[in-house]
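**Student:** Below you will find the structure I want to go over with you.
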Amino acid sequence: MQFSKMHGLGNDFMVVDAVTQNVFFSPDMIRRLADRHQGVGFDQLLVVEPPYDPDLDFHYRIFNADGSEVAQCGNGARCFARFVRLKGLTNKREIRVSTANGRMVLTVNEDEQVRVNMGEPVFEPSLVPFRANKAEKTYIMRAAEQTVLCGVVSMGNPHCVIQVDDVATAPVETLGPLMESHERFPERANIGFMQVMNTEHIRLRVFERGAGETQACGSGACGAVAVGIQQGLLAAQVRVDLPGGRLDIAWKGPGNPLFMTGPATHVYDGFIHL
């Protein structure tokens, strides 16, 4: 099986063309491939499949390193767009794909940065999903004897956003896993730790569901900005600095889609016997 190794700001992926190759991945096989010592090593596996709908170009599947399939990965979407062009699967700059829970439009700019229409952020708790009696801008939660104030949003996957004074000292490794698997998130959640620098600039670290802390989380950056705008902390265009680099997020508010722009890097091509 041929594959490519790619990354978006250090969030790394094994990308596989299932349009011209016959492939099947069991959860156990994905876990073995994800092993950084005995496999290829990656945060997520991205699979390019033929479209299910004639109006679309491809179907986009995402698997975490633990073998679980998820519906959204923003950094992966940028790599997906670069991959299908690099491999000659399309020459379009505007690429329409379906995912497990919807559709996305990926635009490859002239400078090879990729702009992703992430759809409209969803704050309704039952749709995140998040257990709450009603929608709030800020929720009060309890985790390991401490009170946590957070915002909750879905960007096609669930995000919990916690504002902190300094991301460098944020309790990502301790509070992250507790919140990820909190009983109020029936499908678990990605946990963002957000430091607001000013209305147009945040710093962010993300403990990703099923992957742990990563160098960057595209949907996490989108979720953090959406929550920040909803809470009145941020403007409509925001620079997000993650450990792996910078993303630019734009959202005009309710009724509008959110856009993420950032890089996608091809590292190498490989061949593996399964």
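Heads up, residue numbers simply count up from 1 along the chain you see.
From the backbone N, Cα and C atoms, a Cβ is placed for every residue, glycine too.
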**Student:** For the substrate site that Swiss-Prot gives with Asn11, Asn64, Gly74, Asn75, Asn157, Asn190, Glu208, Arg209, Gly218, Ser219, which of Gln38, Gln44, Gln113 also belongs there?
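**Tutor:** Same substrate site in Swiss-Prot: Gln44.
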**Student:** Recorded positions Asn11, Asn64, Cys73, Asn190, Tyr268: which have a Cα within 10 Å of Cys217 (active site, proton acceptor)?
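**Tutor:** Checking Cα-Cα distances against Cys217 (active site, proton acceptor), the recorded positions within 10 Å turn out to be Asn11, Cys73, Asn190.
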**Student:** Please report the Cα separation of Asn75 (substrate binding site) and Tyr268 (site 'Important for dimerization') in Å, rounded to an integer.
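**Tutor:** One finds 17 Å between the Cα atoms of these residues.
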**Student:** What residues, ordered by sequence, lie under 8 A Cβ-to-Cβ from Cys73 (active site, proton donor) and sit at least six positions away in the same chain?
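**Tutor:** Counting only residues 6 or more apart in sequence, the Cβ neighbours of Cys73 (active site, proton donor) under 8 Å are Gln44, Leu46, Ile62, Asn157, Gly218, Ser219.
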**Student:** Would you count the other CB atoms within 10 A of the CB of Arg209 (substrate binding site), including those on all shown protein chains?
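**Tutor:** That number is 26.
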**Student:** So the record assigns Asn11, Gln44, Asn64, Gly74, Asn75, Asn157, Asn190, Glu208, Arg209, Gly218, Ser219 to substrate. If I measure every Cα pair among those residues, what is the longest distance in angstrom, as a whole number?
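**Tutor:** 17 Å is the greatest Cα spacing among the residues binding substrate.
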